[in-house]
Amino acid sequence: MTDLPDSTRWQLWIVAFGFFMQSLDTTIVNTALPSMAQSLGESPLHMHMVIVSYVLTVAVMLPASGWLADKVGVRNIFFTAIVLFTLGSLFCALSGTLNELLLARALQGVGGAMMVPVGRLTVMKIVPREQYMAAMTFVTLPGQVGPLLGPALGGLLVEYASWHWIFLINIPVGIIGAIATLMLMPNYTMQTRRFDLSGFLLLAVGMAVLTLALDGSKGTGLSPLAITGLVAVGVVALVLYLLHARNNHRALFSLKLFRTRTFSLGLAGSFAGRIGSGMLPFMTPVFLQIGLGFSPFHAGLMMIPMVLGSMGMKRIVVQVVNRFGYRRVLVATTLGLSLVTLLFMTTALLGWYYVLPFVLFLQGMVNSTRFSSMNTLTLKDLPDNLASSGNSLLSMIMQLSMSIGVTIAGLLLGLFGSQHVSVDSGTTQTVFMYTWLSMAFIIALPAFIFARVPNDTHQNVAISRRKRSAQ
């Protein structure tokens, strides 16, 4: 990339900072949740909605981000994304109640949903095709550093300042990024087809109300009648989308995608698999602080081995899949992650705290292998004219399943515990033990889906996508 013009390199730095802001905010909040609960006068059992409100908003808004960038221009949308994310951070820091914090997190999510996909689109437009891979590696590297720094930085700020600072640190970075975007980034636009607003609204309503209904009376305090009504609305919205998308060439996501068996299996496995995996980044720091009495900073440091294991495994995951095939790798890593989850709980309850970093490192390795394998399995056989749509649907499903996973984790805590779980409670570790056992069971379930992957899905096919007609 040394032969790129200086202006292009500055534009890549802007995109990289956007990736860093979004990835840092995804993990920095987790270690602060118990302190937030105490400050806001809420039960820790309700704080999972701080994560759900952000991730669910990202899932809902993702399908619109690419179309908006093509229609309005990448500079305008990227600038808007940074401004919304920064304003959301400010409102989060100023929140005095949980409901205010949830609304502010949703505003952050709107910005976060546009930041990463529009950033990728920007790189595609400003960099020659032969240098695209090197440029994407450069801009995504800060996105890998964010999860590494997030838990420890969040714990440090909570312990030595207050939880408000995990949001306030975004403000100067956001201001600099917004100014740099206006000054340096070109405003590429493209001719766009008509946006499928009806399909977008149907999917948004379906995802949002079903997730809210899943949270149920334990999290939102809704009556059984209200929950039943939400489920009915959500199911009807999704069924209407299926009817809307059938034989509709302008549909948000074409149903032709599901004619590819590996896409259908991979998408179903990714959805179910990330529900289980999505529980772990939320539950681990909460358990370390509330269940074991760790300080926020100590709990944040304990998350670093998991990120290191994940980053290290990415270097060899292709060779592993080529050697053993998708079915074996996905079934083995799914069951392995379930066992590692049980190992973490057992080690923690026995008081072998010095072993926990090694267990979390192993968890990161297994999880990373499974994530990479799920992603490539889902997309590898799609025809070229459906690849972009399939990738967008996968990105949306990834965010949606993570929000559902965190919601289920909060629901499990509510089922097994009282409304006020604290370090001083004698039953706290028992509550977490039952929750962890349930999580291990949920994590293992997608193995039944991955067992249906064709046995010959392996080796060089892992990297290439067959070109064939979508008709």
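Using N, Cα and C of the backbone, Cβ positions are placed for all residues, glycine too.
A quick note: this is a predicted structure, and the numbers were derived from the prediction, not measured.
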Same-side membrane placement of LEU101 and PRO454 in Swiss-Prot: yes
Per Cβ pairs under 8 Å, the stretch of 138-158, 165-185, 342-362 packing most closely against the transmembrane segment (77-97): 165-185
For the transmembrane segment (263-283): best-contacting stretch of 102-124, 197-217, 396-416, by Cβ pairs under 8 Å: 396-416
Non-local residues, at least 6 beyond the ends, that sit with Cβ under 8 Å of the transmembrane segment (396-416): 44-49, 51-52, 55-56, 58-59, 62-63, 203, 207, 211, 214-216, 218-219, 267, 270-279, 282-283, 430-432, 434-435, 438-439, 442
Whole-number mean of pLDDT values that fall within the topological domain 'Periplasmic' (246-262): 84
Listed stretch, out of 12-32, 138-158, 197-217, that has the most CB pairs under 8 angstroms to the transmembrane segment (165-185): 12-32
The transmembrane segment (225-245) versus listed stretches 102-124, 138-158, 197-217, 286-306: most Cβ pairs under 8 Å: 197-217
Non-local residues, at least 6 beyond the ends, that sit with Cβ under 8 Å of the topological domain 'Cytoplasmic' (159-164): 32, 35-36, 39, 93, 295-297
